[in-house]
Amino acid sequence: MASKGWQHPYVNIFKHFRVEDWKRSAKEGDVSTCTNKTLRCSVFQIRGPVPANSYILMPKNCNQSLGLTGRYFYLLFRPTPGKYFVVHLDVSAEEGQVVRISFSNMFKEFKATATWLQFPFLCGAAKDSVYESTAKSARHGLVGPAPTSVRWTCLMLDLQYTLSVYLSRCYSHLRSIKLCANMAVKNMFTSDLLLDPGVSFSEAKLLGLSSSQGTGPVPRDMSFPVPKGASWHDLYDYIRFPSEGTKLPFDSIQKGCVSNQRSPNREEPRSINLSKPVQDRVSLIQQITTPKTLTSNQSPLVTKIPDLGVVSTHPRDDWLSHNDDQYQQESAGSSSHQLTFKPRSDSDDRGVHVYVHPKDGFSKHGEESEEELVCTPVPHPVHLASSKGTRKQKLLPDPILRLNRIIGFGGATTKYALWTKSGDAVVYPCHAIIVSMEISSNQQRFFIGHTDKVSALAFNGNTTVLASAQTGNHSVVRVWDYHKGNCLAMFRTHAHSLSCLSFSYSSGILCGVGKDSHCKTMVLVWNTVKVSKGGELTILAKAHTDVDIHTMKVAFFDDTRMVSCGRDNVRLWRVRNGTLRSCPVNLGEYHSMDFTDVAFEEGNFSNHSLDDRTLFVSSRSGHIFEIDYSKVVIRNVRRLLPAQQQHADRREKLTFNTGPGIAINSISVSSSFCCTGSEDGFLRLWPLDFSAVFLEAEHEGPVNVVSVSSDSLQVLAGTSTGNLGYLDVSSRGYNTLMRSHTDAVLGFSVDGIRRHLTTASSDGTVRIWNMDSLHQLYDFVSEEGPCSVAFHPSEQVFSCGFSSGIIRVFDISSAKLLAEHRQHRGEVIGLAFSPDGEFMYSADSEGSLALYNASDDDHNVIRVVCNAVARGTERAPDALAVSSDSRCLAFVGPSEYIVTIADSQSLDELLHVDVSILDVESSRLDSAQKVCFSPATTEHLLVATSANKILWVSTKTGRLLREVSKVHKHQCSSLAVSEDSRFLLTAGHNAVKVWDYNMQLHINSQMFIGHSQPIRQVSFTPDQQGVVSVGDAIFLWDFLAHPVDSLTDSCSPLRLSYISAPKSVQPDAEASGVQLSNGMPRQTAPLPFSLPQPLDVSTLDQVDQAFGSLSINDETPTISTTKEAARDLGLSSEPRPAASFLKVTELDCELRTKKSGRPDCYRHFIPRFKTTTIDQAAAAPQPGEEGIKLKAIIGYNGNGRGNMVWSPDQGLFAYSCGCVVVVEYLHTGSQRHLQGHSEEISCLAVTNNAKTVASAAGGSNSGGSLICIWDVQNGTCRKTISYHSGAVQSLAFSRDDHFFLSVGDFSDPEVALWSSKTFQLLSSVSMSGPINDAAFSPSAASQLACVGSQGAYFCLIHTRGSDVELKVQKAKAPAMVGDVEQTALCYHMDSFLFTGTNRGHVFVWDINTQRCFMTWEADEGEIGVLLCRGNRLLTGSNTRWLRLWEVEAVLGVKPQEKVCNVEDSGTMVVLEQEIMLDGTMVSAAFDSTMDMGIVGTTVGTLWYINWSDNSSTRLVSGHNAKVNDVAFSSDENHFATCSEDGSVRVWSAPSNEMVVQFQVLNQACGCVCWSHSSRKDGACVAAGYSDGTLRIFCLASSEMEMKLHPHHVAVTAIQYSANGHVILSAGKNGLVAVSSPVNGATIRVIRDHKGVPITTIQSVNEQCQKFGLEGNEMWLAASADRRVSVWAADWLKDKCDLLDWLTFPAPAYFGDDSPPPSLAAFCPADPGLIVYSGYGVEKELCFYSLAKKQIIKKIALPNWATCFSLSCRSQLIAVGSKERVLKLIKSTSGRFQDFTQHSDSLQTCRFSPSGTLLFSVAYNEILLWEVQGL
């Protein structure tokens, strides 16, 4: 999307989209405009009996998007009394999904689907009305139609919150809005600010609320009018969703439940239970807020602009810190306007900094606001402490950058440069920053606060107060205390393009000139008397005029008098009685001149009257006017003329009024002389009588400003070319203060030896600067446009690349051109020397890459490679990166998606990295923007991408090591790494960020603003003590990071220790030790820590250590810890609950606990939603008589949990797909299938002898779950158990196989213990909350454990004779880790239990004491897989990381001791290896040594993992999305499948292994077919996609051969013609396109079925003469309106004629879903017969004869057919139905068999060309059958 800057601070939707024109918006029904008396403005009235029939829709075209990115949506409306209304908002998520958010007073309850959220709206009533009393008594708002007293309402919806909480999606933008009757609407707007309509602008100013804090009042044009003395909340309603003060469910809400916190301060972040919005009814609750008096800690009068708070531990007031996340007010003791950011647990917070001199202060809202950081590096394991007591680790020092110098002058204007009163400093603008420079030392200090370029400056008489204005449509004026540097006032003007400011001598009056909304000149005068004392600034007068004003100044002798000049006028102004009046000076014959500047005669005029005042005015024609101020007439006129030139034949005589004068741009008058600055570049000093010039100085460009110091000893001059200097009158010496580029700086390079800086600019110059003095040393001018520069690393040589493609090399010492090369055709986008100085490299925008010999003065070309670099100029100026060891060169190319690492001496390619496929879950193609090497020791390449990510890539393997998302608000334009690999520097738009390179802190970055234009390049200086950034100007920063040897972690309450992995396994790809799939260990390991012992309560009776009978008490004992001890332990001093002991025995069914909500973790199984049920009347064939036999199942159900088992010793490998258990023999690839379930299988378990497998699935017809016990050897079901009412979450066998355990899901959290011999129920226990995992102890057969939402449960099996009892003790998670859900567990052989959490922790429990004594952070996400073998622990999570840990150190920890010493190496675990897979891990099984195993992921893949050789191999692959089509190749060696996720997969037969996958992002693939077998270059696959494209993939090359776009809608059917000459494709709109597979051209379009989707296309070889038409093949198309067209074609002769048109009658369809599809096919044995099935009078198959033109046979069906296929042998027909039945029919006899192996409705079935095989597909289940025959 385009830049979002225009949408800040808000977007007036009606105004921006001009809703009244109805061009970009639409209206339907009764929509009118009327004037509302309450609001006193026009509003839209939407009326109608049916809300859906009367509405306003924006945008008009559904294919377009509003593109509004504001987080908050505000609607100003009033529901119509007694009526219903509906509002629909279509919102796009970052994943590409479009979600509809609807709210209405019609809705009775909250409803949610994946794409639609429906909220009930409860209308509030007016204050003191009868409806209000009703609402109070009912304890909720008014349900149903709006009451008669309903008020105008300001509704605020937090769209980001709504998508995140209810659908777990990231909000992107608002697509469309639909306002339906009945309501009145004033307006709508979006904003990133949380605005309070009840706060006026004056109140906001008193409270110190501003947009920089993310809060403020509602804009004036959006506000509701409030009469004087009235309260906003008494007149109107304000609704916030989510509401501050409401509780769930909404029935408990009543009017008057208001928040105690002052809105609009952002609410404190709170923990959200994601299951709550689904479990409870949630509605938009009207929260009526009332005005509140100021609290005691809020000052009623703000004496200055409040300083923004600092996210820092040390108090400072000169740093700006900003974040767009939620804020909370600081506790007592902090000032009322300070803000502290409290991040979410999974986010990274950072500060925004702008440097100000320590003497300065300022207030500034950063243009680039911070967003949540998404970081996926190698986890940085830290100790866990109390969530409230933890002090966040952040990047230190804070700030890490300090702005030292800026090289630049001007920006918006160069006509302002001011002297201070003392004359020792000058003040001038540099783009958005105001610079004060001491002329003796060139020391600079800065005034930062403007968000756009500064357009005007003004001092008061004694230069203590400074005023500044910025350019733009909404000009902002700031008033500064010059000496303190802080901003006294900031206000928006009523004018735009403010171009002139003038202060009165006393600083009581400020005058400004700009343009109003009609581009008329506007003059404003402000009263600034009270500003310096903290008072308000008011407008004294305002005037609109048609005259042009170039300059305006306030008279130093009278604050009420001003003078102005401009084109054709000089005017005197005066303020009197609040009005501004003017009178023109009588210019006589000079009335047509362009006047440029005006100045008063200086001196001591205290005794003079107004009659003695003289005014000097300059003009562009060279005239200088002396004007009598009192008489308003010209007193004298002089003119500056150029020197006369001698000509060969004559001398031209110039008269006073003829000839070209020298334009005078500026004039300044002192008591003794006058100075002028003119267009010819001269600064001239004149006596006051202008008799002769007594001093002049020539400049390189026109002089735009001159200013005499107060002591008249120095004259300041500024030029339009960016030069600023001063003339010392006494010594007659000239000193240059600043030179600058006049246009954007494109790139730079630093000579670290000589501290020189070279820059290239759009102004056509290359300049070399001294970095210490800021002096310009050299200036090279070229008309070809320099665009890239590079210094030689050691010699005084630099090279420059130009837009023409020329490369020039210069020797600075001799000012000599060493070489010139013209190999490039396009603009040079990259230029670099190798660090050793041996080679030089250049790249251009046309893709060429060149290598030069830099050791030779001629820099001879060694090699030029074409099409190596990605084309375009967006990667300039640093498109090339050279490694620090000079061995490698990196660049983006040959395409934007590829990063190439090449040998630096030969340009031979070493490595290609495709960044577009690194994020397999992303829905968008990512392209590379910038590359940068880190120091060679780390072997990292950093890549900045178009998705605002930075990727860490191994330079050896190309594997992704780490990534950081949302680096900047805009794309990263430059990046650099410090030499010690500790810091990363990035630039994005106008901001610079410094990052912790390893991303191991809570706060990983600091942001610095100041640039007013996008930054083009940023880098560290070679000495690593500074940073340079260029864009609008050149910024030189001090880098304040501590040296490595002085680093201490003083801020961390618990110092961490790390150990290195053995050298034999040290990673060779990167220093941090992270690798994607080579599994090498990291160099640092996480450090576990121990928890304190429970309190010894001596007064209590002794309780059995293992299992006590102590009853539960809500008031549990607490642990008291001194602050000193807590600090040493890294713990909070707050009390923590001790473990509770509970004896649980089997309960009667009536006493079972109430159902709880679904836990907040992916580990808990949720069956895929289905609307179909199995046909109970299905007739299964007798064993041995099946007409088809299940041969293979393609895929694995990634939605299951623990649904894969592997016994390496016995060779058993089993997993589930749909409702079938697949037993696969890995050595042969053959399968055996255990069939007995009818629903999706959730989990599996296997006995230790591998002879028995248990599987669990839901029951049929919504019955209880079914557990099947299978005999593996003969494949029979020994026993079925139906006990749990909900799904089964977990199954397990005990170590001795005596017991079997089953666990119910969250709807029935019951643990059932069974006998493994008889499978009789022995005991059961209902748990207090959902259980996620359970396991038996491997050492003690009577012990088992469970984990869930309430904690860990230790269970002991007590056996007394035949009675078996389960005793359960619950233990909660350590309090210091916060509220976590335990998701997985496994036992260690030595009496330890490991449990994983949904936040990535691993807890270690002592089984004997049931205490957690150790924990560490093993992952960033939720751990769902946990296995332990020996001393090796395996963790798998939803971050896709599979990690192997060495946990031998756990054995050395004694739980009886106090907290173990954290520096003791025996208390550490080591991360041995890690690997990233393709999805979230849901199942795992490993051998006894944890060397090899199998892991299942949610994307439907089973991986074979071998840790010994770091390999991962796909064992089973499958689709995780709906499979839309399947097709066999003609030779039956391959088959292809396509899916909703846009993938086309080709599989080999008969091995059924995937050969290749073709993935198209953001599109669904709806159909697939194979090319004709006669193709010379091998078979091809053609696929149709939802965007209307066809893609042809070549199997031999594994590449896309051609892309066609014959449709504008989704393609629903595709088929090669029988002879392969054309491709027939059909779209959702009913159009059939005939395309050439040779050139991709669309040959013809057939429109006979237009308007109705085509469901089927088929083509066969058949001579058509017998049907009366010419052609050698026939094809048909069937559409959803039950019509079939049959065509005769000869494509080589371009013939295609309609042969027959069939229409099948049907009654009206009243079903809730869509009617059955219309299906048709040629009969293989006789193409003259067409078989049809579809919705009609009867459920049947119809056989239609083309020759007889009639139906000749029908076969009745019990269910509507959803798919069918005809076999070429044995007259067989396969029919699939919605009732999950695959029916095999003999067409001649009508004999049939039913097969119910699918768990969902069948959507596809397909015979192979030979008829020996059959595919059937239900959702993502692909079953391959072997056809036996009936």
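Glycine too: its Cβ is placed from the backbone N, Cα and C atoms.
Here's what TrEMBL has on this protein:
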- 316-325: compositional bias 'Basic and acidic residues' (COMPBIAS)
- 326-339: compositional bias 'Polar residues' (COMPBIAS)
- 1-121: domain 'CFA20' (DOMAIN)
- 131-194: domain 'CFA20' (DOMAIN)
- 749-1038: domain 'WDR90/POC16 second beta-propeller' (DOMAIN)
- 1522-1829: domain 'WDR90 4th beta-propeller' (DOMAIN)
- 255-276: region 'Disordered' (REGION)
- 316-351: region 'Disordered' (REGION)
- 738-779: repeat 'WD' (REPEAT)
- 821-853: repeat 'WD' (REPEAT)
- 1516-1557: repeat 'WD' (REPEAT)
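The list of residues near the repeat 'WD' (1516-1557) in space but at least 6 beyond its ends in sequence, with Cβ under 8 angstroms from a Cβ of it, reads 1192, 1194-1196, 1198, 1215, 1217, 1224, 1229, 1479, 1498-1502, 1563-1570, 1572-1573, 1579, 1581, 1583, 1585, 1591, 1593, 1595, 1598, 1803-1804, 1806, 1808-1810, 1813, 1815, 1817, 1819-1820, 1822, 1824. Mean per-residue pLDDT, taken over the domain 'WDR90 4th beta-propeller' (1522-1829), amounts to 91. Residues of the same chain lying 6 or more positions beyond the ends of the repeat 'WD' (738-779) and with a Cβ under 8 Å from any Cβ of it are 405, 407-410, 428, 430, 437, 442, 720-725, 785-791, 793-794, 796, 798, 800, 812, 815, 876-878, 1013, 1016-1017, 1019, 1021-1023, 1026, 1028, 1030-1034, 1036. A Cβ distance under 8 Å defines the sequence-distant neighbours of the repeat 'WD' (821-853), meaning residues of its chain 6+ beyond its ends; these are 785, 787-795, 799-809, 859-873, 875-882, 884-886, 889, 891, 893-894, 904-907. Across the range of the repeat 'WD' (1516-1557), the DSSP-based residue counts are 0 helix, 23 strand, 19 coil. Sorting the repeat 'WD' (738-779) by DSSP state (H, G, I as helix; E, B as strand; all else coil) yields 0 helix, 24 strand, 18 coil. As a summary of secondary structure, the repeat 'WD' (821-853) carries 0 helix, 18 strand, 15 coil according to DSSP.
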